[in-house]
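Participant: Quick one: the structure is below, and I'll ask about it shortly.
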2 protein chains.
Amino acid sequence: MPQTLFFVTSNASKLAEVSAILAASGISVQSMALDLPELQGSIEDISKDKAKRAAEAIGGPVLVEDTCLCFNALKGLPGPYIKWFMKDLGHEGLVNMLAAYEDKSAQAVCTFAHCEGPGKEPVLFQGRTDGKIVPPRGPAKFGWDPIFEYEGQTYAEMDKAAKNLISHRFKALEMLKEWMEAHP
Amino acid sequence: MPQTLFFVTSNASKLAEVSAILAASGISVQSMALDLPELQGSIEDISKDKAKRAAEAIGGPVLVEDTCLCFNALKGLPGPYIKWFMKDLGHEGLVNMLAAYEDKSAQAVCTFAHCEGPGKEPVLFQGRTDGKIVPPRGPAKFGWDPIFEYEGQTYAEMDKAAKNLISHRFKALEMLKEWMEAHP
């Protein structure tokens, strides 16, 4: 009997990536669009808070995700605020934020939070991939993929299947899969 | 009969500045420390949400404040996220964020939100002061004051009374005072 996960997202690319990675384990993912404003704060607090409110809103188990792009020279910022910087500044503006620094290294961080239902404490699954910030290369289809370089290729230049084997999201989903297998 | 305003803040410098500006109108300010995580989003939404939750938490009228520092070259960012950037990057790091740009102009934005009580719609009072971002000058006593230059002087270099006549916070408080006089 395949498991179905309710995943709160309105991002079709994210849904496709998560579905593709979990399909291999027979887990089907159903998306739910739910308008959930996010808190400011630490990655962990933001994800837990979002999962709790999502579980309350739908009255059942739910999965939420938060992606951060952390520039090491900026002590981890923009981090959880990356979506606002990406939206307002675009690829060039993000690259420019590191103009004053030699250190272009960055970490892509994906945090899934699973909450079993209203009042339950969410469980977190976090994947991190190290890379560096470069001028954009590859198709601009998915967020900041063109400026995040991993071992010589940007995420945008990589074959999707190859990216799904090393990405921050893949690593987090691996942990989620293990957990789901242990908690069927 | 002097009016008393409950102001949610744990920042002593902010309390002192607000008290000094409102004292001239016979309004006394009492601070309340309340741990209210802030949302991500627009300045206005963040302030309204915070005021609503504060009014619910204390069961009565309340004033909250949010300060943004908006870099024009960064389309208004870091904006509402300035406190995290200030905390993690300090003055030098903030100045560095504009290294790629000729345009060092910025706007200091202060938003007060007054909520009469649980379930009431907050009223906003917003003041904006134009300036530019410069390497730090003056005592590092109050947030990003040393790097925000207004007409040749940084906020930190200015006499407090002089700053309180042109600051973003002063402008917002002027509107609040007018409103309070009309709604005693």
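Placement of Cβ uses the backbone N, Cα and C atoms for every residue, glycine included.
In case it's useful when we look at the structure, here is the feature table from Swiss-Prot:
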- A:9-14, A:Lys50, A:66-67, A:Lys83, A:142-145, A:Lys163, A:168-169: ITP binding site (BINDING)
- A:Glu38: Mg(2+) binding site (BINDING)
Participant: Between the Cα atoms of A:Trp144 (ITP binding site) and A:Glu38 (Mg(2+) binding site), find the distance and write it as a whole number of Å.
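Facilitator: A Cα-Cα distance of 20 Å.
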Participant: How many whole Å apart are the CA atoms of A:His168 (ITP binding site) and A:Glu38 (Mg(2+) binding site)?
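Facilitator: So the Cα of A:Glu38 (Mg(2+) binding site) lies 20 Å away from that of A:His168 (ITP binding site).
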Participant: Between the residue listed as 'Mg(2+) binding site' and A:Lys50 (ITP binding site), what C-alpha distance do you get in Å?
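Facilitator: On Cα coordinates alone, these residues lie 7 Å apart.
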Participant: Near chain B by Cβ (under 8 Å): which of the binding-site residues A:Thr9, A:Ala12, A:Glu38, A:Lys50, A:Trp144, A:His168?
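Facilitator: The binding-site residues close to chain B are A:Glu38.
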Participant: Might you list, by sequence position, any residue in that chain lying six or more from A:Lys83 (ITP binding site) with a Cβ less than 8 Å away from its Cβ?
Facilitator: A:Thr67
Participant: Can you give me the same-chain residues 6 or more apart in sequence from A:Thr9 (ITP binding site) with a CB-CB distance under 8 Å?
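Facilitator: In sequence order, the residues whose Cβ lies under 8 Å from that of A:Thr9 (ITP binding site) (at least 6 apart) are A:Leu15, A:Val18, A:Ser31, A:Met32, A:Ala33, A:Val64, A:Glu65.
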Participant: Which one, from the binding-site residues A:Ala12, A:Glu38, A:Lys50, A:Trp144, A:His168, has the smallest tally of other C-beta atoms lying within 10 Å of its C-beta?
Facilitator: A:Ala12
Participant: With H, G and I counted as helix, E and B as strand and the rest as coil, say where DSSP puts A:Lys83 (ITP binding site).
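Facilitator: DSSP assigns A:Lys83 (ITP binding site) to helix.
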Participant: Under a three-state reading of DSSP, tell me whether A:Trp144 (ITP binding site) is helix, strand or coil.
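Facilitator: The residue in question, A:Trp144 (ITP binding site), is coil (DSSP, three-state).
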